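Annotated in TrEMBL:
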- 18-65: domain 'Galactokinase N-terminal' (DOMAIN)
- 107-193: domain 'GHMP kinase N-terminal' (DOMAIN)
- 293-355: domain 'GHMP kinase C-terminal' (DOMAIN)
Amino acid sequence: MAAKIPEVTSLVREAQTAFTKTFGGAATIAVSAPGRVNIIGEHTDYNDGFVFPMALPLVTVIVGNKNESGICRVQTLTDMADRPLQVEFEAPTSTSQLTPSSPAWANYIKGVVAYFPGIVSGFDAVVTTSVPLGGGLSSSASLEVATYTFLEALTATKPTSLKEKALVCQKAEHKFANVPCGIMDQFISTMGKKGNALLIDCRSLESTLVPLCDPSIALVIINSNVRHSLSGTEYPTRRRQCHQAATTLGKNSLRDATLSDLENHKESLSEEVYQRARHAISEIQRTQEAVDVLRKKDYVKFGKLMTDSHNSLRMDYEVSCPELDQLVDIATKCPGVYGSRMTGGGFGGCTVTLVSCECVSDLIAHTNASYKGQATFYVCQPEEGAQVLTL
């Protein structure tokens, strides 16, 4: 059966209890920010392309208070995080800047504190989350955006725009987590709207809400429970290969290239760089086409584009893994399934499957019977972006 997604209120209670035990008293501020699933448009964001994510009911919650001590004290309740689970660091000043250190989970918070436009004088906070770590559902951006939202409430500082808020969180991930990610994850965690996916133009940073609330269909996220990490060499290598291909093609980015352009320069590229570019160019085109057919409720065509996306990620971009391939293969053989693909950076994590609502139980049963690992299932609809919660 599908996993029961914790209610935000239960996460807040859990964090409040831990806050009282660790810091004393009761937290007066609570915020949440969602993870995301990218429905189609993978590894296109840093190629100035299009992505099509939606915000999830899986969220990160932070509760806390200002302490005026100049010290930031944070505890995470996430068992999968690296140790220690509680950290202290000095709030940044004009003469003392924050730098990355261990544990790794705290760097996402420290990075946002470092680049936050308001004055942070110190705080106590507890973090908890229902977003699986390493699942390709953007637990990192969820933590960053929750931290920024917490600091907004803490300091009464408002960003010039939601776009600026997302950009600060992206910068934190670049500089403090050493992950050169695109803007998608922070954008959707900040700007998600219930009942809608979000088409994001990663060049102009313009976004368009696209209704996704047909009760006859469901999106099922299947966690392979193979954890992935983007801070190694594979992600930066693929980003560098795409830049190399764009340069060879005489383009500012692969957003400006066509498959014909690529074929005309094939002899000037290594086979590996050629394949990376072929994925990026075709995926940008697929994403635009997918949104067009979704608006027409052509789920058969949309599903085919999802599966085509997976095959491109598997063959040309080489970021899938046997477990993800098996989950997609199982899903696409189930009646009522329109399409399936890996989602997120790859090398583990989750798949996303578009399926008729009446066939969700059969999909779960068939996957449980056939998958060699232990899968976790989430049946999701698009949810809201980051919020300050009422205590």
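Note that Cβ sites are derived from N, Cα and C of the backbone, with glycine treated the same way.
Because TrEMBL annotations are produced automatically, they should be read as predictions rather than curated entries.
Across the domain 'GHMP kinase C-terminal' (293-355), the prediction's mean pLDDT works out to 97.
Shown for the domain 'Galactokinase N-terminal' (18-65): DSSP residue counts in helix, strand and coil, namely 9 helix, 28 strand, 11 coil. Residue counts of the domain 'GHMP kinase N-terminal' (107-193) by helix, strand and coil are 49 helix, 7 strand, 31 coil (DSSP-based).
Taken through DSSP, the domain 'GHMP kinase C-terminal' (293-355) splits into 31 helix, 13 strand, 19 coil.
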